[in-house]
Amino acid sequence: MKTLYSLRRYYPVETLFNGTLALGGRDQETTGFAWWAGNARLINLSGKLLGAHVAHAGLIVFWAGAMNLFEVAHFVPEKPMYEQGLILLPHLATLGWGVGPGGEVIDTFPYFVSGVLHLISSAVLGFGGIYHSLIGPETLEESFPFFGYVWKDKNKMTTILGIHLVLLGLGAFLLVFKASFFGGVYDTWAPGGGDVREITNLTLSPSIIFGYLLKSPFGGEGWIVSVDNLEDIIGGHVWLGLICILGGIWHILTKPFAWARRALVWSGEAYLSYSLGAISVFGFIACCFVWFNNTAYPSEFYGPTGPEASQAQAFTFLVRDQRLGANVGSAQGPTGLGKYLMRSPTGEIIFGGETMRFWDLRAPWLEPLRGPNGLDLSKLKQDIQPWQERRSAEYMTHAPLGSLNSVGGVATEINAVNYVSPRSWLATSHFVLGFFFFVGHLWHAGRARAAAAGFEKGIDRDSEPVLSMTPLN
């Protein structure tokens with residue numbers, strides 16, 4: 001049946017040029033969207049949209065469980081995780097499961113349990129997704145008013161925002177409890193080369209925690225990415241958890257103020273654009289975190305950072321040549337600067353050569369050799385431990401550089417290993433996803449603003465190929 005009145009009133013985003021394509025009751029005519037617009041057809045069907053989201057969560061959790069078990073099945077305890085292309089087990093190891101001193105894996109059973117739990121969860125979510133997509137009510141407003149909503153209902157929207165914030169806050173506290181009471185987490189800075197320990201002396205000083213937000217993002221400052229101890233990381237999660245929970249309660253109990261009602265666009269597509277913008281920012285921050293930070297992402301599991309691999313090479317050859325009789329304190333390099341050691345712009349003693357650009361690296365295998373003014377010459381001559389030599393030689397040959405065809409490491413390094421670091425994968429993937437989510441944010445924000453202003457026309461579908469095909473039903 002042709003609709004005789006304008007759908008504009010109900011579906012402000014697209015005005016239809018034609019509505020002849022029918023698809024299982026969710027056709028163009030009744031929804032204002034063609035089949036390829038995906039979940040847009042479900043904008044006003046809260047029950048079916050719930051099904052789509054639950055099913056999507058099921059797919060995500062299924063991937064996590066299946067990939068987790070795949071990594072367990074292929075895991076070789078004798079090789080470091082980062083040499084085996086693992087991206088999930090390093091996260092579990094960082095949480096303190098299955099590892100001992102030096103990041104050595106002593107038990108893979110917790111990893112197996114994690115995979116199985118995710119698979120079971122995905123089955124429950126998958127069932128819920130199928131149920132709500134095919135069997136459950138199309139809309140929740142009538143039968144389950146608590147779970148129902150209308151996109152324009154500003155008070156309900158901020159209540160939903162509040163519930164999400166409370167859940168995020170509880171998630172932050174899960175990490176706090178794991179680190180402080182349930183077996184601890186892996187600390188790469190533990191003496192002697194890293195170990196699992198419970199974090200009991202949390203940093204709760206607001207000047208320290210919020211001081212990170214005020215730091216410059218550049219150089220040795222590094223904004224929040226510069227955090228280099230677990231006390232600050234776990235203490236930061238206490239603050240995050242409190243802020244999210246209190247903010248969530250605030251949004252549940254209050255209605256949006258007049259300025260917010262005026263300033264924001266209140267539609268499903270607008271909320272989508274806000275979310276995409278936020279996730280984009282998180283993606284870019286995660287990219288920098290995994291690339292530069294070796295405390296939250298320990299090098300024992302993820303491989304060295306770029307600066308770390310470079311400094312490790314300088315250290316390795318300093319050790320070798322010192323054994324061969326070189327005076328590393330005074331040897332001159334080809335440019336007239338120190339060959340092994342030189343001074344930073346602010347006077348600290350640092351490694352010489354090309355790695356001078358990474359002079360503000362901090363790493364657990366190197367810090368014991370520093371004194372009050374940079375690297376300590378007497379410690380370099382007398383205090384270097386075998387574990388520091390072994391680790392730096394290992395990191396030197398596993399720089400987080402590489403291409404998709406797995407020719408990894410520094411192009412000029414003859415001892416490099418044929419691998420690509422998980423750091424490269426995680427940093428690159430989060431950068432690329434952050435970028436695409438940003439583009440999605442711009443796209444949906446533009447459409448939402450246009451719809452609110454009332455001039456979104458849609459696409460002329462007269463020549464759409466699917467219109468000349470046999471209907472599916």
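Glycine is no exception: its Cβ is also placed from the backbone N, Cα and C atoms.
Small disclaimer: the values here were computed from a predicted structure and weren't measured.
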Transmembrane segment range according to Swiss-Prot, out of 3-23, 108-128, 234-254, 255-275: 255-275
Ranges 69-93, 344-368, 394-418: which does Swiss-Prot label transmembrane segment? 69-93
For Glu367 ([CaMn4O5] cluster binding site), which residues in the same chain are close in space, meaning a Cβ under 8 Å from its Cβ, but six or more apart along the sequence? Trp189
Which residues of the same chain, at least 6 past either end of the transmembrane segment (291-312), have a Cβ under 8 Å from a Cβ in it? 80-83, 89-90, 93-94, 102-103, 186, 188-189, 194, 222, 225-230, 233, 351, 354-355, 358, 361-366, 391-396, 398-401, 410, 421-423, 426-427
Which residues of the chain, 6 or more past the ends of the transmembrane segment (69-93), have a CB below 8 A from one of its CBs? 99, 103-105, 108, 110-112, 114-116, 119, 186, 297-298, 300-303, 394, 398, 417, 419-423, 425-426
